[in-house]
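Okay, structure first, notes after.
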Amino acid sequence: MRISTTSCLCPFLVCLCFIQRCYGASHHVPAKVPSKNQTKLANGETEVHHRPKRGWIWNQFFVLEEHMGPDAQYVGKLHSNSDKGDGSVRYILSGEGAGTIFIIDEVTGDIHATKSLDRERKTHYVLHAQALDRNTEEALEPKSEFIIKVQDINDNAPKFPDGPFVATVPEMSELGTSVLQVTATDADDPTYGNSARIVYSILQGQPYFSVDPKTGIIRTALANMDREAREHYTVVIQAKDMAGQVGGLSGSTTINITLTDVNDNPPKFPQKNYQLYVPESAQVGKPVGKIKANDEDLGINADIKYSIINSEGANMFSISTDRDTREGVISLKKPLNYERKKTYTLHIEGMNTHMDPRFSYIGSFKDTATLKISVGDVDEAPVFSMDYYIMDVYENAPSGTEVGAVTARDPDSRNSPVRYFMDSKEEGERYFRIEESSGVVRTTQPLDREDIPWHNITVMASEVGRYPDNPSLLSHVPVTVQVLDVNDNPPEIAADGEVIVCESSRPGQVIQTVTAVDKDDFANGQRFYFALPSQLPVNPNFTLKDNEDSSASIIARRRRFNHLTQELYELPIVVWDGGEPSLSGTSTLTLRVCPCQRHGRIRICQGEAFLSSAGLSTGALIAILLCIVILLAIVVLFVTLRRSKKEPLIISEEDIRENVVTYDDEGGGEEDTEAFDIIALRNPAAAEELKFRRDIRPEVRQHCGPARNRQSPSVELDEVDVHEFIKQRLVEADMDTSVPPYDSLQTYAYEGQGSPTGSISPLDSPGAHSEQDYSFLEDWGPELQKLAELYGEAESDVTT
């Protein structure tokens, strides 16, 4: 099979195609080994067919990208040696894009590209070709692989993926100093033609900067550019492909270049002579004035150090630099006295702290100015002999103990007497007082070092008779009083919670090491001694060993503790301190026995480990359980109140359904039904006429005439209309003001009327007495005595 193409566009490619066609079958792809086909004839003989040697001759197909023609782009042709041109060979194409991008003529083997391709998306396609016998569908050639490579055209402009850029370069840089390198990218094929060959040029930024056309490195084009003259520059760089030729595509980017500062400007005072007025009352160490030298540089290059270079000024004043404003702050080193000296002259020098030796030719980077200070006369407040006082006193000292004394004097020529007092707004006034004339500080109560170890108070002084008339003549001094320690606190065992004793502890095993704490200071509490109380009998379970390093070890004296037998043990321990005099204290430790799990050196009870893993303490669990109990009590109380407050929805004397009779008598009989009239549930007509009271026994009316002339109530009230009865009851319910303010339901059951013989129900004849004689019941014995009494009583009532 042979592959041909028309894509060899240059002599080199033509030669390559020729070499590949002539040489590729034996070197690039293994040749197909000749095979022998044997056919068995009818007579039993075998005919051997020698198939001629054929093979695939490889070549790489090329197709141009971005093809916009109306017809499919011709790629190449597949041809097999078995193809005689009679159409018996069918060519099949498979692989990437087969059938969608690339189609093949099954008869001729011509391959066409049906879509426009983009090399930047996919550079090549791998396909497989096969030749089949059209009639038998047998493979004439084995399936073989070939490549269609997308050939690039210049359809992508260069781009600067990281732009725009920001760069800096020091001012006063030499010519050709590198600033920044910019790099453009081109998506076209860099191995084919000049489509991706980029050339850089500068569009904006001349004559200050230039760019290397090949590397894209931006350099300074002028020497000694001054930041103070111009600080910011905008440079536009263009990248053009096709080696910068006409027709090439281009892209540009912007670089914002800033000149950074160097120390090329010395400081300068705006003027050479300054004057300053300072009152003699100015406080030592406080600023009295400012002076500033200007520097056009920035940052550390503009830092200035000020100094007083003459001894007259340096002895009385000091100068420092304010880092924010770069001003020279003049402060007083010694108190001024108008009576002694009225003026001072200061020679002040300002010099850069960071100098660049490249600019030493400019000169010295410093400047000087003269400051004349005039001292003003004022009435001054008393001056303390010290800026602050530190005193001490032992704790528990009795009230009135002297702590120390302060001293102040009047600096004026009059040398007026001074009085002392304490600031009434301070808390220290509760513990100390000061003698007004002598300045002696005394305690007002015994002090406790463990409560407050240090006291800070303020003592004020004024001329006698001046304060409070003139508050400005009041001076203050801080006084710090240290309370010295005495050994007045016994030591205690420092124990965090309970001590855990494992059930598996052995005799001599250290259960836990304990230490002690003492509220006294380190001098009295640095050494502790431990022992068990001597007045108690020997503890059979535990003993104590003093480790002689201010700690003690609790040691088990027996084995096999059981938390079920005894869970808690108490161990009293006596501890002494090393103070003078020595104090002791007894602490009782609680030891809990439980199964243990080891976690490093920490032993935790299994039950406590569960709680600790859940993050809940015992107090938290108790609080949770208490809340649950309270909630349950509230719910039970609420349910109880709801049950006790249940009332009927309708409270009406006329609602016969609410009249429920409960009795416990045995054999009460029909007497129990006389508490209410049940006829109203069955016959509303009879109920209207026979409306008895429900709180008393109903009366039985005596009928005149023979019994046979008496009719049942249902017969007597046949003419009553049940509809009228219901309407009447509805009106009564609507007009009743005693019923609850909600709808009620009243139900009436009526058997109906129409039978001339009346109802056979005994409920319809409550007013008629029976003619039956029940006296024979008395003869039936004691078993029916109660029944005979009931019927006898009923007959007597009827007779009366």
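Glycine is treated like the rest: Cβ placed from N, Cα and C.
Feature annotations, courtesy of TrEMBL:
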- 80-160: domain 'Cadherin' (DOMAIN)
- 161-269: domain 'Cadherin' (DOMAIN)
- 270-384: domain 'Cadherin' (DOMAIN)
- 385-493: domain 'Cadherin' (DOMAIN)
- 493-610: domain 'Cadherin' (DOMAIN)
- 746-774: region 'Disordered' (REGION)
- 1-24: signal peptide (SIGNAL)
- 620-641: transmembrane segment (TRANSMEM)
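Summarised by DSSP class, the composition of the domain 'Cadherin' (270-384) is 16 helix, 51 strand, 48 coil. Counted with DSSP, the domain 'Cadherin' (493-610) comes out as 9 helix, 58 strand, 51 coil. The average pLDDT the prediction assigns to the domain 'Cadherin' (385-493) is 86. In the domain 'Cadherin' (80-160), helix, strand and coil residues by DSSP number 0 helix, 35 strand, 46 coil. Per DSSP, the domain 'Cadherin' (161-269) is made up of 3 helix, 45 strand, 61 coil.
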